[in-house]
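Peer 1: Just dropping this structure here.
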Amino acid sequence: MNIENFGASERLVNAAYVRQGAQGRRAHELRLRALLEQGKCPEDGWDESTIELFLHELAIMDSNNFLGNCGVGEREGRVASGMVARRHYRLIHGIGRSGDISAVQPKAAGSSLLNKLTNSVVLDIIKLAGVRTATNCFVVPMATGMSLTLCFLTLRHKRPKAKYIIWPRIDQKSCFKSMITAGFEPVVIENVLEGDELRTDVKALEAKIQDLGAENVLCVHSTTSCFAPRVPDRLEELAVICSNYDIPHIVNNAYGVQSSKCMHLIQQGARVGRIDAFIQSLDKNFMVPVGGAIIAGFSDSFIQDISKMYPGRASASPSLDVLITLLSLGESGYRQLLKERKEMFSYLSGQLRKLAEVYNERLLNTPHNPISLAMSLENLDKHSDMAVTQLGSMLFTRQVSGARVVPLGSLQTVNNYTFKGFMSHTNSYPCAYLNAASAIGMKKQDVDLFLKRLDKCMKTFRKEKSNRKDVPEMDNCTKHTSVGETEY
């Protein structure tokens, strides 16, 4: 209520009580004012009543919620189900206009304000996470793969002769298909094995640029977050090469916001060379439903060009989800999640190493990967031809999600491209292995239950090998509850 309404209320209720109520309302409004003025994530998270008040205030600014609205067009925010309307807080118009996903809608001031605020708050979090010189970003209602495609299509207009995208290999289908869908020819650069790690072959990449001709290369498409034993690309070296050859550089940072190391690599790459845009998933980094991503960069004009490439209006759901989440957490809450994730990575690493030693396996040494771990399955692979894939099936049926086993020699064809050793990021990795990751939101009980179930599965193979003689229970890895999620 405004001042006049509070004043009128004093005729019905004791004035002292009304003033007290007005002061309570004022506390909510001060939070809203700070958000509108600063455009930053609040330091401390908001309570749900403040967030719901804010969303209600935004919704009544949209024309479909005007009391006397008379809509005679084809898109007037009509919703048949009240449940659907409530699910979206009656913010029905979506975001953007036909020519720009970041444009303001005349009929939807509240939804437009939601869009602008979300992009501003998300940029603040990206800076907090480590990319401090990022200048612009926007939330797009597509997952990472299609968001990469949008970036490549934008570059097409800037480099009309280019038909190749140079791509250090990472065995994940959507980032590969993003290049195919955009109409370009991926040029795969095989990784090099350094110890247990698979790293970027910088010399081969530069030689391929020289061979193809820089003018024929649309961009270099690199990766930060990835499954071990592959580690983040050498972004600094790649950024320098892109700068020297005047080639755009797009970084797939799918779940890298939660890693200070991945964000530091992007910051350093932009400092010493060229990074045009980096793309990250909303669900993987902010624990919201699948369906959104953030496209960010260091040039306002290029990020605006990408937003203008998106055809038509867009769903506001991903923007609404991430804004609600960040207002609930606040900067302090998100920092705490990042801190806990690092702690869980150390705990998972130590416990998985202990379990590996019990079964004469080892935790692969991948110090440059800050999120994913890999445990060798060499002895299990010797057990039988199908033992490794059987282990994966056993874990899945025991409700362990996110962990994956990688056998030797798998072949996979993606859009007529055949990859040898698919899922291992190289044609012939030395051993089969199992992946597990410490992602944001993971708890100690998730690690403990995963290790307990993995231990039981590994015991099954040992019992078979020793004519089903009993094997003593492990001391270190058999306690607690719940399951971690690391799907990419």
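Using N, Cα and C of the backbone, Cβ positions are placed for all residues, glycine too.
Remember, TrEMBL labels are computer predictions, not curated facts.
So TrEMBL says this about it:
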type	residues	note
BINDING	Arg97, Ser98, Gln105, Arg313	substrate binding site
MOD_RES	Lys284	N6-(pyridoxal phosphate)lysine
COMPBIAS	468-478	compositional bias 'Basic and acidic residues'
REGION	468-488	region 'Disordered'
COMPBIAS	479-488	compositional bias 'Polar residues'
Peer 1: In whole Å, could you give the widest CA to CA gap in the substrate site formed by Arg97, Ser98, Gln105, Arg313?
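Peer 2: Greatest Cα separation within the listed binding residues comes to 10 Å.
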Peer 1: Can you name the residues of this chain that are 6 or more positions from Gln105 (substrate binding site) yet have a C-beta less than 8 Å from its C-beta?
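Peer 2: The list for Gln105 (substrate binding site) reads His93, Ile95, Gly96, Arg97, Ser111, Ser112, Arg313, given in order along the sequence.
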Peer 1: Counting only other Cβ atoms and using a 10 Å cut-off, which of the recorded positions Lys284, Arg313 scores lowest?
Peer 2: Arg313
Peer 1: Ranked by the number of other Cβ atoms within 10 Å of their own Cβ, which of the binding-site residues Arg97, Ser98 ranks first?
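Peer 2: Neighbour-count leader: Arg97.
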Peer 1: Between the Cα atoms of Ser98 (substrate binding site) and Lys284 (N6-(pyridoxal phosphate)lysine), what distance do you get, rounded to the nearest Å?
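Peer 2: About 29 Å separates the two Cα atoms.
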